[in-house]
Amino acid sequence: MGFLEQFVHNGRALLGHRSKAILLSGAACFGAVLLVQRVNSRREQKKRILEAQRRREKSFQVAERALLEYKQSHPMTNALYILSLSLSELTKQLQESALSPEEVFYTYLEKTLDVHQKLNCCTEIILDSFEQLKTIGSCKRGILYGVPLSLKENLLLKNHDSSCGVVKYLNQPADDDCVLVKVLKEQGAIPFVRTNFPQALLNYDCSNPIYGQTLNPHNLQKTAGGSSGGEAALIGAGGSVIGIGTDIGGSARIPASFCAICGFKPTAGRLSSKGCKSIFRGQKTVLSTPGPMARDVDSLALFMKAEICEQMVFLDPTTPLLPFDEGLYQSRNSLRIGYFDCIEQTPTSPSMTRGVQEVKALLEQAGHTLVPFTPVRILDMAELMSKGALADGGATFLQQLEGSPVDPVLHAQVAMYRLPICLRKVLAFILKPFVSFPSIMLIYHSFRSAAGVWKLHASIEVIFMRFSVSQWRRLNLDVVLCPIIGPAFNFCYCGKLMSMVPHSMTYNLLNFCAGVVPVSTVTEEDERNLCHLDKGGWFNRVLKKAITGGVGLPVAVQCVALPWHDELCLRFMKEVEELVKKARKDEGANANGKVYLIYDFH
Ligand SMILES: CCCCCC/C=C\CCCCCCCC(=O)NCCO
């Protein structure tokens, strides 16, 4: 090798070693930077979570002090009486000055503090409510004058965060109240507490990394349900007389069923959704709506009446000028009622079926006509729900969770959305002939063209016509009676049983109105009948595990009416509530296996 060649060779070798060394040290630096960043971001997450938890604790401490002060000069001898009043009775007493807003407020505050200790259902006491209480005066303005009210945390409240359990949304206080809250304040209500939910709201359990798990008031080993689970637990345990949840797949109805209260999903659009935070913006295929939750149906109706007013239409011109039809709500003519007690291929517990059958019998005895109704082919429906609510295959959901620890209730869902798209496609293709539901949920739905979205909406129109016209109109039905998910699950099972969501989400997809009424409790026989779930596939076995040990838990039914027939739906719910109450009186509170209302607050 000549001198020149030798020189070039040595130079290359040297450069090679050098660049390797540079590359290696570069990679090490990059790795270290990433690690430091990760550690810092974890630290930052923890810090923000701790701050939020401290803010919550502080709001409780301030409230406790205010309560103590109040009690020193006011003996609160009316507490039990106040807590036993329904919303209509309470508003009447406040209007007639038989009760003062202060004694009602502090009575509910005391009960809420106590309930929260046991169930972990609240995210903060709204300290501004003390100011509102001072200024409410005696002008007795509004349908809900002096009524304390609870709100799910995702309803925007001026100067307060709506985190939805996602760390990056902490420390982002809202500029203004949501429309519903503005209207309620005008109607004299005093929002005093905010309630818990599952992280990112797309689940029907009730836990998040900031505020933890909410427990069921009827069994502390079970979830309160979700996503409006904090509301359901608080109301079910008597800490609030009326509250607002939101519902895109059953979130006001499922926790109502788990906690033995009434929950109503109005036709989307009837109440303003302006300022109700959701994790996806712009998803308009499966519609979310706020809805009231309370211990009885009259309270839900009164809430609707208070909200549906000129001011709501003024603040949110997308809502219709359609005043609440009190006459229709109060009417008592006999109804033609379609009914079904299960949906093919969708897990259904024995108590869900029994609840429907027993209410059907009561309705028949009361002179109504009951007609069997066959729900639309569920797999078509489930596919549309999944394509609509998760049109991006869960990508936005995962994006929103970035920078937050993921709550265990979401693990099953997140694992699915994290699977690489090609793997999901292959799995969906292989599984489809054998297990329909998992394959539906695996399908990657990202639309690459407007035509994809149009096709989906066209399919929903077809299903809507099949459901509402081909059957409902042909059978000349007024309303439909059907099951709602229940009884309350063990923790962390809701995310594994998305296959049950069609029981509630069908009415979001088709935008019918639907509400839930508690009618019974789980019996020993229901528990024995769980053995039937051993047959019928994997999801049935998971359901069995989720609900085993549920004797005594609430059982509810679902009442459905066509879009914009909210008053008719509520009137049907009221009828069910009254018949069940009467049956309970007639048969005695311990009529094992028979329909009876267990949690009678009056
Ligand atoms: C195989 C069945 C497919 C179902 C489609 C699943 C799609 C998304 C999951 C939805 C889970 C809904 C639970 C209730 C959530 C809710 O209503 N949240 C309220 C938000 O305001």
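Placed from the backbone N, Cα and C atoms, the Cβ positions cover glycine too.
Here the structure is a predicted model, which means the values were calculated and not measured.
As given in TrEMBL:
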| type | residues | note |
| --- | --- | --- |
| ACT_SITE | Lys152 | active site, charge relay system |
| ACT_SITE | Ser227 | active site, charge relay system |
| ACT_SITE | Ser251 | active site, acyl-ester intermediate |
| BINDING | Leu201, Ser227, Ile248, Gly249, Gly250, Ser251 | substrate binding site |
| DOMAIN | 104-570 | domain 'Amidase' |
I need the CA-to-CA distance for Gly250 (substrate binding site) versus Ser227 (active site, charge relay system), whole Å please.
8
Give the subset of the recorded positions Lys152, Leu201, Ser251 lying near ligand 1, defined as CB under 6 A from any of its atoms.
Leu201, Ser251
Could you tell me which three-state DSSP class the residue listed as 'active site, acyl-ester intermediate' falls into?
coil
Taking residues Leu201, Ser227, Ile248, Gly249, Gly250, Ser251, which bind substrate in the record, the widest Cα spacing (Å, whole number):
11
Could you say whether, by DSSP, Leu201 (substrate binding site) belongs to a helix, a strand or a coil region?
helix
Per 10 Å Cβ neighbour count, which of the active-site residues Ser227, Ser251 ranks highest?
Ser251
Under 8 Å by Cβ from Lys152 (active site, charge relay system), same chain, sequence gap 6 or more:
Arg194, Thr195, Phe197, Ser227, Ser228, Gly230, Glu231, Gly243, Ile244, Gly245, Thr246
Find, among the binding-site residues listed as Leu201, Ile248, the one whose Cβ has the highest number of other Cβ atoms within 10 Å in the structure shown.
Leu201
Using all protein chains shown, find which of the binding-site residues Gly249, Gly250 scores highest when you count other CB atoms within 10 A of its CB.
Gly250
Pop the Cα-Cα gap between Ser251 (active site, acyl-ester intermediate) and Leu201 (substrate binding site) into the table, whole Å please.
8
Restricting to the domain 'Amidase' (104-570), what is the model's mean pLDDT?
94
Other same-chain residues whose Cβ falls within 8 Å of the Cβ centroid of Leu201, Ser227, Ile248, Gly249, Gly250, Ser251, the recorded substrate site, in sequence order:
Leu202, Asn203, Tyr204, Gly226, Ser228, Thr246, Asp247, Ala252, Ile254, Ser288
